[in-house]
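A.B. asks: Below is a structure I'd like to ask you about.
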Amino acid sequence: MHELSYATSVLNAILEAVEQQEALGRKVIKVNDINLEIGELTLLSVDQLQFVFEVISEDTVCKGAELKAEMVKPKIFCMDCEFEGDLDTKDELEVICPKCESRNVKLKGGKEFNIVNATIEFDDEE
């Protein structure tokens, strides 16, 4: 279950951002949601990622934060007909050009895992 390592990375990055805000004198109450970009070729389960994140963030300001994921399709470039477009990831084992059926293709992207942003609630009284 590689979702644990991804969830741990997200939690560590967000907690580091929280520390930076608190070092600037801003009191963080909680993190409400975290928006991610996830490439389809990572084969991550968003449901499992959310579950693991809930478990490991239990005693932090991220407790209860919702992970929201936008799935990113990999792009394909055909070296024969120069087709460029989204790759259908139904069958990851067979990568062929949808236009000319050539196997002489290059993949671009699809393995992304990025934190886009997070919604953080601050104590406005300070």
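Every residue gets a Cβ built from N, Cα and C, even glycine.
Pasting the relevant annotations from Swiss-Prot:
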type	residues	note
BINDING	H2	Ni(2+) binding site
BINDING	C78, C81, C97, C100	Zn(2+) binding site
A.B. asks: Whose Cβ lies within 8 Å of the mean position of the Cβ atoms of C78, C81, C97, C100, the Zn(2+) site, other than those residues?
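C.D. replies: Counting only non-site residues, the set is M79, D80, E82, F83, P98, K99, E101, S102, N104, V105.
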A.B. asks: Write out the long-range same-chain contacts of C100 (Zn(2+) binding site), meaning residues 6 or more apart in sequence whose Cβ is under 8 Å from its Cβ.
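C.D. replies: The list for C100 (Zn(2+) binding site) reads C78, D80, C81, F83, given in order along the sequence.
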A.B. asks: What same-chain residues, at least 6 away in sequence, bring their CB to under 8 Å of the CB of C97 (Zn(2+) binding site)?
C.D. replies: I76, C78, D80, C81, F83, R103, N104, V105
A.B. asks: For the binding-site residues C78, C81, work out the Cβ neighbour count at 10 Å and name the residue with the minimum.
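C.D. replies: Looking at the binding-site residues C78, C81, the Cβ with the fewest others within 10 Å is that of C81.
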A.B. asks: Let me know the DSSP-derived helix, strand or coil state of C78 (Zn(2+) binding site), please.
C.D. replies: strand
A.B. asks: Name the secondary structure element type, per DSSP in three states, that contains H2 (Ni(2+) binding site).
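C.D. replies: In the DSSP reduction, H2 (Ni(2+) binding site) maps to coil.
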